[in-house]
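See below for the structure under consideration.
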């Protein structure tokens, strides 16, 4: 993808197909797409001569191919060859540029707006409506949902060694956290999504609250999203609960069941105060009363303190990222870079989200249970709970643990991926769209930047996740909630992104990872440390040097290899030296150049 | 001594005041330690005055907490000695031998503020006679901030110490009062004897060696060894080979091209103090033409000139910008910190410091392009010739010559271009606080280090030295124990040092040099000066380089390109006819004539030059160019953020990565040693524990990594691991939404379903 001058990172880009070796290729092979292997299930639809108006290298003649999965462009007569490899799911908007009578070179063609911080322009010959067919095809296949077509995830025939759908098993995860216990029980009340249609089927709730209580509480919480347990601290038993806003309304309604329920949560670990974090600015929380929502009043919830975290809503975040795109694509704003960056407020929002999560994590560490909500409890709430859990629980910092975190806090608890991303939907101006999940991944990236040894996964995983957030190649991020996923049989008919990731786990591993079990990570939420994620937001710009590996990583891998070489030599010497009873050494010396964990165990092998 | 406590404590303490120890406690418990309340004085150090029961506020919070101790002022430093026994020895890892964490070398003091009740006043030398403030705030040039309360000291003592500090830190003094001249520590002697050493360029050999190394073919001038020619010129220097004896002194060195470095193609870089060109002054014009011809003669008869005074910020700009910039890091309390965090990026931009760095790097890239791509000689000039000329010439050499990216090479470069090159260190830092020198103060050398740091952070593996080394070097500028950065030029240096050295006692060369790092740190700490990422040069590289050479030879024999294009309009209007034919004198660019313009007119050729270089695989031992795009120029975090408690990432930061590399390097060294031992002994009957390498056990490893470092490592070690996370305060104000966004901000998330809300 992208221009040939930034081959390093993108040559291993997740959007490249690397799995198709597993499938039978003969039937799928196409000569015109000779240099890119199609995915199993991918079919070519059209091929055409075209001019790509590269914002960095000028007009490039070439051929474009469109399949049911991607748009592929390959330049001709250029050295080096320049290619574009864009999954159709990434496309947000397709427009015609210029008319049949437009003057000027290359003024007639297509303008494509992508969801991943870039725009693509193609120019065609003006004669004979040459863009009509390609426009129609692109429009149809980029927005299958708007055209009653199936998304590519359902046509993909990819096979992987591992089934990523097995990564997250709610019961297993609860058991890992030590649940159920004498204070918290697992309930199946939502088995058929009757209590709450946007929640998962299995929930952890206070032992003292009966299913009847839950139903009563549900009537007082927006969309029935009652407070349920997300995470419990092993030692002090403090919990993070998540929910939606209470339905207080203009009249300031109260609900005894809800009040009692929250008190039961507080009681569970015997602390005096329960802290409720309302992610919204207080003004917005107040304004929500007008539509029947609101927040927990002091008098109604005596044993609780309410803290507003001042995080803005999805619309503000959408506009903020839009502004960010304006200053980084195609040209990186140069002369007033810093003030331009500030005026997007993007990093300021990141700062607010992270500092909100720090406060949650800090409270939990101090032994107090917390409740987190915003309006509906599926955007800001998911950001806060999952970031706090990432700070508190080192398990979520592993490659698999992170997948569990996403599956649990985002996917199962109904972050509206379909609405926020607009998978396969042509309505680009939909007000429901917002980069909330992108913002969350950015926060995670900021944490990995500040704690470069604390995470088992690397930046590539985060970029891969964001690429497939849009691509529609996997079922992982499709649809708004579990109930809709069940109806559409996502788990049986599509492939999980984690199948791809876990089948080539070493690609996504951080060689510097140093597991530390009981350590709470508090990132510094100061502008001094927050930085723009250049290798994601500005990755299409060839002037920003993309290094496949950071120099530190490269050096570290070299040194690891050197150490192994020495260890091996030493073992050989000792083998020849000493008696046969040291034969166990040969087992431990299996050379392996990729997995860092293996290196570490290797080091400790007695010699 | 302690009797003063009760009387001094007569001043009412604030109600909010909390301290670790009450004055009574000190009285009862700490008395036995009282006598040891001195720092380890350096040889030659003399105490001027001191005061007991001074409270040093801990900077961590607003709670007004602090530690009691003695505040002293000596001829070397302002020192605070705590009454509490230092408990934690782990913080000593990177201890400076000359001054500790509570010591401020006199020339490191930047500003002193007096706290009078609620008002904070900047203290200028003459202001204080009788009144003394209850609180003294000292801002240091290495960005530390100290806050002392004098409320609990004897009035007499408090007055004395305050006046003493102000006198010795802010008032004019003579150069001879600088501690270096009384510091009697024997320097470990010149490194001369050692095989590999920093070239000081105060002798012929160093110049000969450097010219040989770069294959330069210029004239080494030795006639000034006693400054007979001019005190403005160094003892030894190099000029184009065509410069005659009489040219050397014609304008006291103005207009005389001084050789800096030769490119392997044969062309070279020169610098000179500019010679004012008056239209009617034929003599100076003739001279300048002659000098340009001489430069051009060096290679291919082409030369480009660049007057840096026209195209780069002035010294005043630099000083002004840095003064604004440093304020962001001189943080006195948490509230102030989080307030400044809100408008961080725009404040950073408004002070212009990063832009000045960018401009210098840009200029250096332009010069590099001339040398590397066009193989023309370059003559850079400016008024005085020893400020921005030094910045640019050393940056150019750093980008082009990997030798200068080694530790010794870098120090040699600083010696060549700055110390011997005549940068007026004394005036630029105004160590002596002379009123008439206030105008000439400017952090030019720091600006250079900033530029180096940018290169370092973009291309780490290309440098043998570490970021920590650069930070320490920037601090050492303000340690008055060394003579390296104490003079205005070479003759100044030699004359003062000769006068101060009774002929038998100490030779001029034996004065402590900053390059003798063992004077400041022990060898364990010095390990941190080395960059663990440094990519050693592969051996076979040398042969490759040789095979590349002929390319340039070929160009040399086909200089057609140098003549084909018509000479652009020359900078010097009255070029001799003969000169016009053979000489192309051009300015490099006019970039930055209007710094306020929307997009700086980066010449498209420079852009292409960078892109062409970037397209090639990166060779850390070849040409190095900086990326100058907005996001690429950054704040030197280690230097500027190291003392700010709020931004310390405990257990994180880049040091977390580097320490893993250090660890691994340690393991490898051990293994190598073990292998060597095997190779030596070769005895087949070794067995068991005796031959096994002491590979670290898992327990040892984890113990090692549990000594967690903070992002401020090695300057601050996190002693107190139990800590509260820093939670930003007052954030929302900055997020006042306007226009469309303001409208959106008040809406609910899922607008479609709750349309009633606007």
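Backbone N, Cα and C atoms are what each Cβ position is placed from, and that goes for glycine too.
Here TrEMBL flags A:164-537 as domain 'Myotubularin phosphatase'. What TrEMBL lists as substrate binding site is A:313, A:314, A:374, A:375, A:376, A:377, A:378, A:379, A:380. Annotation comment: TrEMBL describes A:344-390 as domain 'Tyrosine specific protein phosphatases'. Annotated active site, phosphocysteine intermediate per TrEMBL: A:374, in sequence order. The feature compositional bias 'Low complexity' is assigned by TrEMBL to A:577-597. If you look up TrEMBL, you'll see A:577-607 marked as region 'Disordered'.
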**Prompt:** DSSP on residue A:378 (substrate binding site), three-state: which is it?
**Reply:** coil
**Prompt:** Of the residues in the domain 'Tyrosine specific protein phosphatases' (A:344-390), how many are helix, strand and coil by DSSP?
**Reply:** 32 helix, 4 strand, 11 coil
**Request:** Go through A:313, A:374, A:378, A:380, the listed binding-site residues, and name the one with the sparsest Cβ surroundings, counting other Cβ atoms within 10 Å.
**Result:** A:313
**Complete:** In three-state DSSP terms, residue A:313 (substrate binding site) is classed as coil
**Message:** Taking only same-chain residues 6+ apart in sequence, whose CB is under 8 Å from that of residue A:376 (substrate binding site), what do you get?
**Reply:** A:222, A:223, A:225, A:244, A:245
**Item:** Reported mean pLDDT - the domain 'Myotubularin phosphatase' (A:164-537)
**Value:** 96
**Prompt:** For the substrate site made of A:313, A:314, A:374, A:375, A:376, A:377, A:378, A:379, A:380, how many Å separate the two farthest Cα atoms?
**Reply:** 12
